[in-house]
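Enquirer: So Swiss-Prot lists the following for this protein:
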type     : residues : note
COMPBIAS : 191-209  : compositional bias 'Polar residues'
DISULFID : 54-308   : disulfide bond
DISULFID : 115-293  : disulfide bond
CARBOHYD : 64       : N-linked glycosylation site
CARBOHYD : 70       : N-linked glycosylation site
MOD_RES  : 212      : phosphoserine
MOD_RES  : 215      : phosphoserine
REGION   : 177-209  : region 'Disordered'
REPEAT   : 397-419  : repeat 'LRR 1'
REPEAT   : 420-443  : repeat 'LRR 2'
REPEAT   : 492-513  : repeat 'LRR 5'
REPEAT   : 543-563  : repeat 'LRR 7'
REPEAT   : 566-586  : repeat 'LRR 8'
REPEAT   : 590-611  : repeat 'LRR 9'
REPEAT   : 613-634  : repeat 'LRR 10'
REPEAT   : 638-659  : repeat 'LRR 11'
REPEAT   : 684-705  : repeat 'LRR 13'
REPEAT   : 707-728  : repeat 'LRR 14'
REPEAT   : 730-751  : repeat 'LRR 15'
REPEAT   : 776-799  : repeat 'LRR 17'
TOPO_DOM : 44-125   : topological domain 'Extracellular'
TOPO_DOM : 288-320  : topological domain 'Extracellular'
TRANSMEM : 23-43    : transmembrane segment
TRANSMEM : 126-146  : transmembrane segment
TRANSMEM : 267-287  : transmembrane segment
TRANSMEM : 321-341  : transmembrane segment
C-alpha cells in the first residue's frame, strides 16, 4: 500500500514560500491533509478487507421448479424449515444446524465479485478513490502558481530578494535611525510644551530650544554609532540589493500573471467544491449496508437471487458525511478568498502606513503583481513589507551611498588629490562620484572644491567647517544645499563656476550669494535668454565683479544689465551664434574688461566705444574683416589691451597710431599682408603678436618700441628682420619660427634679457655665436633644430645647457 508520505509531493513547496501563504491557504492545506487521510484510509480498507459478502435467497416452488431437481431433497421444501428447537431439559447435547446451500468457497467468491460489480452502486464502490482524487486536485490547485514557470520564477526571485532585505544590516540601521529620530522629535515636543507652559519666553528663547537646532548633534551621534556597525562588505551588499529591487520592480510591475493565476486557481477550487457538494449530497444515501443482488448465474451456482452485505457501508457512510463537512469548510474558505480577492484593490499597494510609521516619506506605491505579492505577505507578517520598503526609498539608497562613499574616500585619500588651480588656490577635484563624501569637510585647509558629473549632490551644513573655502566649481552636477550651508556660502564664497547641460543643473540658490565676486556659467541657454526668469535674480549679486557666460545667446541678457553698475569684467563665449543688440553694453559704465568670443561679429560693436573705463577688449574668433572703427578707440583713454586675433582682418588701418595707450596688441591668425609703419607709433606696446598671417616685411620703425618685451611673427612669410628690431633692449620673448629667414643677425646679442627664442622652421645654416651674449637664454628656451644648435660654439652650448 502507498504510504501517506508519498502524496506530499503534490503539496510540497520550498519552505520560503510560506511567506506567500495567507492563513486561509494554510487552513485549506490542513483540510486537504485531513481529506487525504480519509481517502487513503478508505482505499486501504477497500484493499485489505472483503468488499461484500453475499448469500443465496430461497424462493417459492412455483417460482423455482426448474432448479428443484438440482438441489437435495432437504432444501426442496416451499418454505424454509425452522431450526430445531433445543430441548430445555438437555441444552448442551442439542446440535445447531443451519441451511445448506451446497456451494463451495470458489462459488461464494464468484458470487461476491459478481454482485460487487453488478449490484453495488458505483458511489459506494469508488467513494474513497473519489475523495483521494478530489483532494489531490485541491492540492494541485493550491500550489500550481508555485510550480508554473511563468509565476514560480517571479516568486522565487521575489522571496530571495525579500529574505536578503529582511536580514540586511542596512534595514536594521535605517529603521533604528528613523526610530531614534522619531523618539527625539517626541521628546523635543514634550520638552517644548512643558517649557512653554512654565515660562513665557520670547521668540528668541523658543528658537534656541527648537528641534531643528537641538537635534542636530544627537542625530550626528546616532549616525556615528550606526555607521560603525555596517562594514564595507555589508554596504556593497546593500547597494547591490537596491539595484536588484529596482530591476525586479520594473520587471514585475509590467504584468499581473500572479494575480490572474491565483484568482483562477481559487475560482477552480470553488467550482470543484460546488460539484463535490452537489453530487455527494445526492449520492451519499446510496451507501447501504444490505444490497439485493439479482444476477443470472444459475447455471454455475444454482441461484439467481442473493442477499449481500456491504461490510464497509456503515464506515463509508460516516466518512462521506465527514468528508462533506471538510469540503464545506474548504469551500467556504475559498469563497472568503474570492471575496478578499475581488473586494480589495490588490493590484495597488500603498506604503502610506509605512511612510507614517518610519518617517521615510519617499517610499513609492507599487502596482500589479508587485502589489499583489506585498498584500499576500501582509497576511503572513506585515513586518516583511515594512523592512522591504526601505529598499524602495531613494532617500535610504542615498544614505547608503553616502555611507559607502565615506568609507571609500577617507580624509587621507582626499588629501592626496589636492592641487593648486589657476587662481592659486588649494583645490580638491572630485569627478564622477556617486555623491559628495562627508569626509571632504574634514579637510579644513581646502580653498576650492571642484565637483564634476556628480548627480544629486547635497551640500550639508558641515561645509561651515571649511573656513578657507572661497571657490566652488559645479560641472554637470545637480546640487541641493542645506539652509545652514547656504548661509555659510553667502558669506564666504567668492568664485562660483557652473557648467550645465540643462537648466536643472543651474542651481537656483546661486542668485542669493551676496558676496560672490566671480560667476562663470557654461551651458546651453535659450536664444531668448532675456525672458529666462532663472537669470533675472542676478541683481541680488551685489558684489559681482566678473561674469562669464559660455553659451549660445542671441543678445546680452537683461539679467547681466541688472548688475552693470558694479560689473568690471564680462565674457561672452557664444559658440558661433550671432550676437546682436549690443546696446546694453553702454550701461556697463564700470566695465574694465570685455570679451566677445565667437559671436559672429562682422564689425566692432559701436556700443564698445562708450565704455570709457574699458582697459581690455578681446574679440577673438569672430568674422571681422575690416576694423576702420578702430579710430573710435582713441576715446578709450584707459584701453591697454586689444585682442583682435582669430578673425579675417586683411589690413591694419593707420588710425591705430591714435591708440597711444596700448600695451598689448594681438593680430594673430588673420590675413594681414602689410604692416603699416603707423602701428609702431604706439610706443607703449610691450606685447605684440602678429603670428599666423601673410606678412612679408617688418618695417624698421619697430625699433621705436623700446618697451617691447614680447614679439611674435611665427608662421608668416618674412624673409629678413630689420636691424632696428635689436634696438628693443627689453625684449624677452622673440618668436620668428616658420618663416623664410636665412640669416640671423649677430646683433641679436644686444638682447640681453632674451629668455625665449623660437627660430625653428626657417632656412638658417648657422646660428651666430653672439647668442652667447644673451645670458638669460638657456637651452630650454631656445627652440631650434638639434643640428642647427650644434653650429654654435661649444662654450656657448655649454653655457646654455647650464641652469
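Each residue's number is its place along the chain shown, starting with 1.
In case you wondered, yes, glycine gets a Cβ from its N, Cα and C as well.
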Enquirer: If you measure residue 54 (disulfide bond) to residue 115 (disulfide bond) at Cα, how many Å is it?
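Expert: Rounded to a whole number, the Cα-Cα distance is 8 Å.
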Enquirer: Where does the mean pLDDT land for the topological domain 'Extracellular' (288-320)?
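Expert: The average pLDDT of the model in the topological domain 'Extracellular' (288-320) works out to 73.
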Enquirer: For the repeat 'LRR 1' (397-419), could you work out the same-chain residues 6 or more beyond its ends whose Cβ comes under 8 Å from its Cβ atoms?
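Expert: Here the qualifying positions are 170, 174, 227, 230, 232, 235-236, 238-239, 242, 391, 426-430, 433-440, 442-443, 446, 456, 458.
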Enquirer: Short question: which residues 6 or more past the ends of the repeat 'LRR 13' (684-705) have a Cβ under 8 Å from it?
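Expert: Non-local partners: 640, 645, 660-677, 711-719, 721-725, 727-728, 730, 735.
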Enquirer: Using a Cβ-Cβ cut-off of under 8 Å, list the residues of the same chain that are 6+ residues beyond the ends of the repeat 'LRR 8' (566-586) and lie near it.
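Expert: For the repeat 'LRR 8' (566-586), the list is 527, 542-556, 558, 560, 592-601, 605, 607-608, 610-611, 618.
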Enquirer: On the three-state reduction of DSSP, what should I expect for residue 115 (disulfide bond)?
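Expert: It is helical.
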Enquirer: Return the count of C-beta atoms lying within 10 angstroms of the C-beta of residue 115 (disulfide bond), excluding that atom itself.
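Expert: The answer is 24.
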Enquirer: In whole Å, how far is residue 115 (disulfide bond) from residue 308 (disulfide bond) when you measure between their Cα atoms?
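Expert: Rounded to the nearest whole number, the Cα-Cα distance is 8 Å.
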Enquirer: With every protein chain in view, what's the tally of Cβ atoms within 10 Å of the Cβ of residue 293 (disulfide bond), excluding that atom itself?
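Expert: 24, counting other Cβ atoms within 10 Å of residue 293 (disulfide bond).
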Enquirer: What same-chain residues lie close to the transmembrane segment (267-287): Cβ under 8 Å, and 6 or more beyond its ends?
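Expert: Beyond its ends, the transmembrane segment (267-287) has Cβ neighbours at 28, 121, 123-124, 127, 134, 137-138, 141-142, 310, 313, 316-317, 320-321, 323-324, 327-328, 330-331, 334-335, 338.
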